[in-house]
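J.: Quick paste of what TrEMBL says about this protein:
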SIGNAL    1-15  signal peptide
DOMAIN    101-476  domain 'Myotubularin phosphatase'
BINDING   ASN251, ILE252, CYS313, SER314, ASP315, GLY316, TRP317, ASP318, ARG319  substrate binding site
DOMAIN    282-344  domain 'Tyrosine specific protein phosphatases'
ACT_SITE  CYS313  active site, phosphocysteine intermediate
REGION    519-541  region 'Disordered'
Amino acid sequence: MYFILIFSILKLSLQDPVVILNVPLGVISRIEKMGGASSRGENSYGLDITCKDMRNLRFALKQEGHSRRDIFEVLTKYAFPQSHNLLFFAFLNEEKFSENGWMVYTPMSEYRRQGLPNERWRVTFINEHYGLCDTYPSLLVVPYNATDDDLKKVAAFRSRNRIPVLSWIHPETQAVIMRCSQPLVGMSGKRNKDDERYLDIIREANGQISKLTIYDARPNVNAVANKATGGGYEGEDAYPNAELFFLDIHNIHVMRESLKKLKDIVYPNVEESHWLSSLESTHWLEHIKLVLTGAIQVADKVSSGRSSVVVHCSDGWDRTAQLTSLAMLMLDSYYRTIEGFEVLVQKEWISFGHKFASRIGHGDKNHADADRSPIFLQFIDCVWQMSKQFPTAFEFNEQFLITILDHLYSCRFGTFLYNSEALREKEKVTEKTLSLWSLVNSEKSKYTNPFYTKELNRALYPVASMRHLELWVSYYIRWNPRIRQQQPNPVEQRYMELLALRDDYMRRLEELQITNNSKISNSSASSASPSQMMSQVQTHF
C-alpha cells in the first residue's frame, strides 16, 4: 500500500477485458470525495483521483460502512507523505539491482571526458560546502584567470548567487556553454565591475571571437518587468563586448496552464472533430518549438559561430537547464547514448538545482502550489521530437524516455527527490535510496534502440517548425481507452524482436569463434592456415 495502488476492475461479461489500474502513490496529485449521503444514481458516490501523468480516475463506492472515508484517509496519508511527516517510499525500497546507478555520474570524470581542466579553465571547490551557492553543485568549472575571490564578488550580483559556470566545451573551437542566473540590475540599472570583467574573461578564454553571446531565455518584456523585483539583464552599456538575444520562452506558470489544457483534450475523451483546433488552443507544441529553437541557436552559435555563450533565465534552473542540456545533446554524441543521457540529466538538471520537489510536488498534498510546472517534461518531449527526426542517432528508445517520466513522479527512486544537491546530501539520498539508473542499466536491452548507429562528432539540428513537430501520443494519450486498446505497440514489439534476434546472432557468433579458435590451437601440427579453418558466419545484418 505504501508504494502502489492496484485496482482490478471486474468483468461485467465474458466478453469484457479485465482492466488492471496500476497507480504509484507518488503519481497522485489530488484526492477528492465525490457525492454525499443524498447522492443517487450509478457512479455518483466515491472518490476522484487526479494524477500527475495525465490521467484522472473515478472510483464508485458503496455508501454503507464508511468505506470511502477509510480509503480516503489511507490514500491521503500515503500519497502525500511529506504532508504527514512520513518518509518517501524511496527510503523504504529494498529492491536489488545488478547495477549501481549512483556510479553513473561523477563530475570530475565528466569534465575530464570534455578535456577539462586545461590552461584556460579550472576546477574550483569554492562551493564544496555549498557556501557560495546552495543550489549549485560542489564542484564547478570556471575561467582559469578568475580567482575564487572574483567568484564571490560576481555571486553577489547574480540572482541566488548562481554565477556563470561552464557546462560544456567544444572539443575543436574551445567555445563554451556557460549557465547562470540573471544579473541584479534592478530599476536603477545597477552595475557591477566584477561581473562585467568576469564575462570579459569568459570571452577572452575562447580567444577566437570578438563578442560573447548572451541568450536570455525570457521574452524581452518579462526580462524588463523583472527589473522591478531587482533582476534584469545585461545592458549593452555595461557589457559592450557582449551581444544579448531574448528567446521568448514563457515562464513556469504559462507552461503549467498549457499542460492543463492539453490534459483536458486528451483525457478521458478525444474529440476527433475538433482535434486540431483543440490542440492548437493548448499552445503546447508552440512552447516545444520555442524551447527547441532556442537550443538550436545556442548550439549553432557555439559550433558554427565558434562563439562562447552564456545562457540564463531568471534563476537559471528551469529554462536555462532546458536550453543547455538540449544544446549539449545536439552537439555531443556521447549524450545520445544511454549512459551519456543519464549523465546529462544528472549534471544539467539534478546537480545544477532544477527544483524537482517544487516543480513536481513530491509527496505534497498542495496540488494548487504555484511552483508546480512541467519543465522537465518539456525537455523530455523535446528529446523525443529529436529522436523522431533522427531515428538512428540515439542509443535509447521511446520506452527509456517514458520510464524516466514515470519515475519522475513515482518516488520509487531517490534520483529526482529534493530541490538541490545540498539537500540530497543532507538527506543521504545516495546512501539510503536507489537510483533510477540502477533499474535502467540492469535491463538495458529493454531501453535500447536497435537501429542506433554510432556517429562521433556529428551535430544534430532538428527542424523546429510546427509542420515537423508532433504530439507525443504514446505518452500524452496512452491512458485514453481507445489508445490502450491498440496496445501492445507493434513498433515496440518489433523492437524487442530485433533486439532478441541481434543478441541471438551475437551469441552464436561468439560460440563459433570460440569453437574455431579452439580448433586452431589444437591443430598446431596441421599446415592449414587459420584463415582456411575459419568458417564464414553470416547474419541478416
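Yeah, the Cβs are placed from backbone N, Cα and C, and that goes for glycine too.
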J.: Is it possible to list how many residues within the domain 'Tyrosine specific protein phosphatases' (282-344) are helical, extended or coil according to DSSP?
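T.: Split by secondary structure, the domain 'Tyrosine specific protein phosphatases' (282-344) comes out as 45 helix, 4 strand, 14 coil.
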J.: Across the domain 'Myotubularin phosphatase' (101-476), what is the average pLDDT of the model, as a whole number?
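T.: Taking every residue of the domain 'Myotubularin phosphatase' (101-476) together, the mean pLDDT is 96.
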J.: For the recorded substrate site, whose residues are ASN251, ILE252, CYS313, SER314, ASP315, GLY316, TRP317, ASP318, ARG319, find every other residue on that chain with a C-beta no more than 8 angstroms from the centre of their C-beta atoms, and list them by sequence position.
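T.: Everything else in range on the chain: ALA217, THR320, ILE375.
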J.: DSSP on ASN251 (substrate binding site), three-state: which is it?
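T.: SS state of ASN251 (substrate binding site) = coil.
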J.: Mind giving me a neighbour count for TRP317 (substrate binding site)? Other Cβ atoms within 10 Å of its Cβ, every protein chain shown.
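T.: There are 25 of them.
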